[in-house]
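Q: Under the heading domain 'Glucose-6-phosphate dehydrogenase NAD-binding', TrEMBL lists 11-193. Annotated NADP(+) binding site per TrEMBL: ARG48, GLU90, PHE91, LYS154, in sequence order. Residues annotated as substrate binding site in TrEMBL: HIS184, LYS188, GLU222, ASP241, LYS336, LYS341. The domain 'Glucose-6-phosphate dehydrogenase C-terminal' annotation in TrEMBL covers 195-482. What TrEMBL lists as active site, proton acceptor is HIS246.
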Amino acid sequence: MGTDNISSVMVIFGGTGDLTHRKLMPAVYNLLYDKSLPENFCVVSVGRRDKTDEIYRNEVYESIKKFSRIKIDDELWKNLRDRIYYQKFEFNDDYGYSKLKDFLRMLDDKYQTNGNRIYYLAVAPEYFELIVEKLHQHGMAENEKSWQRVMIEKPFGKDLNSAVYLNKKITDVFTEKNTYRIDHYLGKEMLQNIMVIRFANVFFEPVWNNKYIDNVQISSSEMVGVENRGGYYEKAGALRDMIQNHMLQLLTLTAMEPPIDLTTDSIHDEKVKVLKSLKELTPDLVLKNAVRGQYEGYRNEDRVSPDSDTETFAALKVFVDNFRWAGVPFYIRTGKKLPVKSTEIVIQFKPLPGVLYFKEYGGLMPDLLVIKIQPEEGVFLQFNAKRPGTLNKVIPVRMDFCQNCQVGMNSPEAYERLIYDALRGDSTLFTRWDEVEYSWRYVDKIAEVWKNNKPEFPNYKPGTWGPYDADELLLRDNFKWWNIGGFYDENV
Ligand SMILES: NC(=O)c1ccc[n+]([C@@H]2O[C@H](COP(=O)([O-])OP(=O)(O)OC[C@H]3O[C@@H](n4cnc5c(N)ncnc54)[C@H](OP(=O)(O)O)[C@@H]3O)[C@@H](O)[C@H]2O)c1
């Protein structure tokens, strides 16, 4: 990876927070290891707690040691260590910004960073607007001779109205081109691979349509509950936390048309078309095709209301109403306290005419293509073959390509790719505003109906696949959820 023209200072607001320690600093270190960090680069972290550069650097060292995918090398660390700085101030403190501004100018001279900035907002969403406004007031967000970019963590709004408002506030200061809305799933290797698998292989793209595909299942399951994020989760729920962003992104990549080229806008244009083609949701359809659940025990979690109606599970049946996909259901599900941690896309192909291999052959299983996003990364193809022996049985067999099982394959973390791309000014793996807008439009319709209909919660036991209604959603169509996370055997 080249590192030309990306000299810059990365300013992390929320530099003492969990995200910075667990993901951002290890990502910066791994970029250094991969020789993908510019020579002229340094990091300034902003937090509220009182600490010196030295103390902060030691804490960062411990975090990298704990969370980095590449073991920390003390020689290499020295190279980064002295380029990390800490500044303490409250986000509403004008004096703090003017001090920071002077400090950044000094760093420009020291590291030849030309005034280029990445402002990473690793903070709670209520601070996004304030920080951007302060950067503007202090003349830190625009400079004709250099570039200033803002990276914003999710959630981007809590509904369409708040997202529109936030977007206006941000784009009044930073242009769309300099606004990097993070959906960290897009930084994952296998998400980037979906387009390659689809558009670089002759045997997938010709059958990628309603003539050959019966249904598509997109699942993202977690084994953990809300842990210490109850306060945030109460206001979000599975719909806002997962479906509006990650799950709909997975859907767009699975369903999009080939872009005319690989430029950022061409790819985003095709993704937006998918969101625009989602079949309009009426309240009746929401009641029929959207299932929510809450695990037993959620209401006892820390900072969760004892009569909470927040969903920890959501399953949807969605139609992409365009020429390629008309009539093919896309089933989406996500939840906490499910049996495995896994994110996968299962493509179920249509059965062949049942004129040759009937029951006496053991019946025919549908062909499946499974794209494994995490924790295992790869592609899994299940198809029918003759069972060896004298009995003419047909059995499903598998071809399994596991990308991260191979020795030496250690996929970069999503945040490495995202920081690297933001440094280069490539926003392909970030969400363009209209993607955010159309996904909120869709999700808001569901949220509205759910708000007006009280659920019977809790309705699933931890360690199960959510409420029965989620199974029923597919049984009605004579389908069933394929087990994910490597447990395909139960289905064959
Ligand atoms: N953690 C994750 O894995 C994760 C994953 C995906 C997205 N995100 C998103 O990333 C963002 C940050 O999450 P997080 O988990 O890192 O949060 P966190 O651990 O609570 O950290 C918040 C940071 O903001 C600082 N801060 C808060 N209020 C401040 C104020 N008034 N003035 C100055 N500094 C202030 C805190 O500084 P002090 O500690 O010094 O007070 C701390 O550095 C959120 O938007 C979250 O949704 C997080």
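Note: Cβ is positioned from N, Cα and C throughout, glycine not excepted.
Just so you know, TrEMBL annotations never went through curation; they're auto-generated.
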Q: Would you mind pulling the longest C-alpha to C-alpha span across ARG48, GLU90, PHE91, LYS154, which the record has binding NADP(+), in angstrom?
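A: Across ARG48, GLU90, PHE91, LYS154, the widest Cα separation comes out at 21 Å.
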Q: In three-state terms from DSSP, label HIS246 (active site, proton acceptor) for me.
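A: The three-state answer is helix.
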Q: Which binding-site residues out of ARG48, GLU222, LYS336 lie by ligand 1, going by a Cβ under 6 Å?
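A: By the Cβ criterion, which requires under 6 Å to ligand 1, the hits are ARG48.
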Q: LYS341 (substrate binding site) to ARG48 (NADP(+) binding site): how many Å between their Cα atoms?
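A: One finds 34 Å between the Cα atoms of these residues.
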Q: Which binding-site residues are spatial neighbours of ASP241 (substrate binding site) here, meaning Cα within 10 Å, out of ARG48, GLU90, PHE91, LYS154?
A: LYS154
Q: List, in sequence order, those recorded positions among ARG48, GLU90, PHE91, LYS154, HIS246 whose Cα sits within 10 Å of the Cα of HIS184 (substrate binding site).
A: LYS154, HIS246
Q: Cα-Cα, whole number of Å: LYS154 (NADP(+) binding site) versus the residue listed as 'active site, proton acceptor'?
A: 10
Q: Which chain-mates of GLU90 (NADP(+) binding site) that are at least 6 residues away have a CB under 8 A from its CB, listed by sequence?
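A: Residues satisfying the criterion: ARG48, GLY96.
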Q: Across the record's substrate-binding residues HIS184, LYS188, GLU222, ASP241, LYS336, LYS341, the largest CA-CA distance in angstrom?
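A: Greatest Cα-Cα span of the listed binding residues: 20 Å.
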Q: Hey, of the binding-site residues listed (ARG48, HIS184, LYS341), which one tops the CB count within 10 A?
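A: Of the binding-site residues ARG48, HIS184, LYS341, the most buried by Cβ count within 10 Å is HIS184.
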Q: For LYS154 (NADP(+) binding site), what is the tally of other C-beta atoms lying within 10 angstroms of its C-beta?
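A: Looking across every protein chain shown, the total is 19.
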Q: Reported as an integer number of Å, what is the Cα distance between LYS188 (substrate binding site) and PHE91 (NADP(+) binding site)?
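A: That separation, Cα to Cα, works out to 31 Å.
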